[in-house]
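This report refers to the structure that appears directly beneath it.
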């Protein structure tokens, strides 16, 4: 019988991604929304702190092992912004949030030369066996690139249409989803998680 594990998200795309990895280790992934668990306030100062907060809360409310990820875009010339606030950079929620976030980022960088537009996507995944687990599994992945001067591509979401990856010589939004999954920050973090689970014999 598979061990249920709660994923601290309502994002079904993330549930599918995590399920593909965790199924190999005997876990059945369920979204916290299936258990009517809401997300706690993200008060951490780093991606790992926020992921821990979310995983711990989901584990506490469900009584099950939990997994959470926190991710975002870091632009050094902007002091690390949007960073932890990537999803709400423009201060709005709802269907327009992504477009408004991208517009704010382009505006913030409009005077910045091409040589100083470096950026990275960061994903931090945390897995807890229980609410008081003193030794969580922490897996991080990063993707390096630069922010373009205009949006390119129709795929993806978030900042994908602005994030140019030298590795594939296009923006993330110009990649097919299957290709992006191979090189994205979350794919890298999931790969680290897989290795750590195998080592731990979970």
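Residue 1 is the first one shown; counting continues down the chain.
Using the three backbone atoms N, Cα and C, a Cβ is placed for every residue, glycine included.
Database features, via TrEMBL:
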ACT_SITE  70  active site, proton acceptor
BINDING   9, 10, 11, 12, 13, 14, 71, 157, 158, 159, 160, 180, 185, 186  substrate binding site
BINDING   41, 70  Mg(2+) binding site
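Recorded features from TrEMBL, shown on the structure.
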residue : record                       : DSSP class
9       : substrate binding site       : coil
41      : Mg(2+) binding site          : coil
70      : active site, proton acceptor : strand
158     : substrate binding site       : coil
185     : substrate binding site       : helix
Fill in the blank from the handout: residue 41 (Mg(2+) binding site) sits from residue 13 (substrate binding site) (Cα to Cα, rounded, in Å) at a distance of 22
Practice task
In whole Å, could you give the widest CA to CA gap in the substrate site formed by 9, 10, 11, 12, 13, 14, 71, 157, 158, 159, 160, 180, 185, 186?
Solution key: 21
Handout entry: Other CB atoms, at most 10 A from the CB of residue 70 (active site, proton acceptor)
Key = 25
Completion exercise
For residue 71 (substrate binding site), the number of neighbouring Cβ atoms whose distance to its own Cβ is within 10 Å equals 23
Problem - Cα-to-Cα gap, the residue listed as 'active site, proton acceptor' vs residue 9 (substrate binding site), nearest whole Å - result: 10
Problem - residue 13 (substrate binding site), number of other Cβ atoms within 10 Å - result: 11
Exercise for the section: By Cβ count within 10 Å, point out the most packed of the binding-site residues listed: 41, 160. Expected result: 160
Handout entry: The one of 9, 11 whose CB sees the fewest other CB atoms within 10 Å, among these binding-site residues
Key = 11
Handout entry: Cβ packing number for residue 158 (substrate binding site), 10 Å threshold
Key = 20
Fill in the blank from the handout: CB contacts under 8 angstroms to residue 185 (substrate binding site), restricted to the same chain and 6+ apart in sequence, sorted by sequence, are 71, 120, 121, 122, 123, 141, 142, 143
